[in-house]
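K.L.:
Here you go, one structure.
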Amino acid sequence: MDDSRETLGPQAFVTGFPIKHSRSPLIHGYWLKTLGLPGSYRAHEVAPADFSVFVDSLKSGESGFVGGNVTIPHKEMAFKLADDPDEISEELGASNTLWMEDGRLKATNTDGRGFTANLDERHSGWDRAQSAVVLGAGGASRAIVQALRDRGVREIHLVNRTVERAQELADRFGPKVYAHSMAALPEVMRGAGLFVNTTSLGMAGEEAPRIDFSPLLPDAVVTDIVYVPLKTLFLTQAVRQGFPVVDGLGMLLHQAVPGFEKWFGRRPVVDEKLRALIIEDMDKH
Ligand code: ATR
C-alpha cells in the first residue's frame, strides 16, 4: 500500500497491552487494500496507566484516530470511559470497538456477533439448536452466552470448573442460562444441538479433557473459540466421533466487520483469501 493512501484516509487502531501479536492489522489491512480504500489501521500499544489519557485524546480529536479496537486488558475501561456504550456492551460491561460520532465516543462489543456470523457462514442451520452447552465462564464466554440467548437458543447450559463464575453469568444473562459444575457435563450434553468450548483447554501446549460427544443430538455442531491450533483437541475428538465442527478463526475475522464499516464506510467480506492469509501468518509464528 502506498504511503499517501495510508495518511490521507481515516486512521484506526487496535490497542491492548501487549499488542504486537495482534492479527487485526493484517485483517483490516487486507480489506483496505482489496476494497481500494484510503486509510490505515495499526497496532497502538497503551499501558493500563495511560489508557484514560489515550481515550481523552480520542475524544478531543488530538489522537487523529476515528476509532479502533480494544483488547485485553482494556475492554472494561473502554466501556466505562465511552460516552455512549450500546446495550450489548452495557450488559457485558466490556467494549471491543470504539468510534467517534457527532463528537461523542460510541462503543459496542462485536465478539458475540462474530461468533454467530462464523457459525452462520460455516454451518447454517446451527440455530435450530434448542439447547446449547458452553464450556467456560471467562471473559470470552460472556459474549457468546449473550449472543446465543439473543439468537433465541432456549436453554444455555454453562459448565465451568468454578461453578460460582458460571452462576454469576447465569444471574447476569437471565432465566435461559443454567450454571453447572464440570461433573454435570455428560448430563447437560444430552439432546443439545451445539457445544462450544470457550476455555483455554486444548490451546497449543495445553491438555484437553477426553469428551464423549455421543449424548449430543446426532447433527449437533461442535465449535471452539480457540484458533491456535486451528484444530483443537476438542475439534479433533468431535470429528473422530462423527460430528461437524467449526473452528474459531472465523470468529476473529467476523468480529472485525462492524468496526471496519464504522471507520472506513464499507462493509467488508470475510473470504477464503483472508482466512488463508491469517493461517499463513499463524504458521510463521
Ligand atoms: P477468557 O477471557 O479468555 O475467557 P478467562 O477469563 O481466564 O479467559 O477464563 C478462562 C476459562 O477457562 C474459565 O472458564 C476457566 O475456568 P475457571 O473459571 O474455573 O478458572 C477455564 N479454564 C482454564 N483452565 C482450565 C482447566 N485446566 N480446567 C478447567 N477449566 C479451565
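A Cβ is built for glycine as well, from the same backbone N, Cα and C atoms used for every other residue.
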K.L.:
Could you look at ILE225, ILE278 and say which one TrEMBL places alongside GLU87, GLY136, ALA137, GLY138, GLY139, ALA140, ASN160, ARG161, THR162, VAL163, GLU164, ARG165, GLY248 in the NADP(+) site?
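P.N.:
For the NADP(+) site that includes GLU87, GLY136, ALA137, GLY138, GLY139, ALA140, ASN160, ARG161, THR162, VAL163, GLU164, ARG165, GLY248, TrEMBL also lists ILE225.
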K.L.:
Out of SER22, GLU87, GLY139, ASN160, ILE225, which binding-site residues lie by ligand 1, with a C-beta less than 6 Å from some atom of it?
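P.N.:
Correct list: GLY139, ASN160.
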K.L.:
Give me the largest Cα to Cα distance among SER22, ARG23, SER24, THR71, ASN96, ASP111, TYR227, GLN255, the residues the record lists as binding shikimate, in Å as a whole number.
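P.N.:
Looking at SER22, ARG23, SER24, THR71, ASN96, ASP111, TYR227, GLN255 as a set, their Cα atoms extend up to 19 Å apart.
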K.L.:
Translate the DSSP assignment of ASP111 (shikimate binding site) into the three-state scheme.
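P.N.:
Going by the DSSP assignment, ASP111 (shikimate binding site) falls within a helical segment, counted as helix.
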K.L.:
Take the Cβ of ARG23 (shikimate binding site) and count every other Cβ within 10 Å, whichever protein chain it belongs to.
P.N.:
19
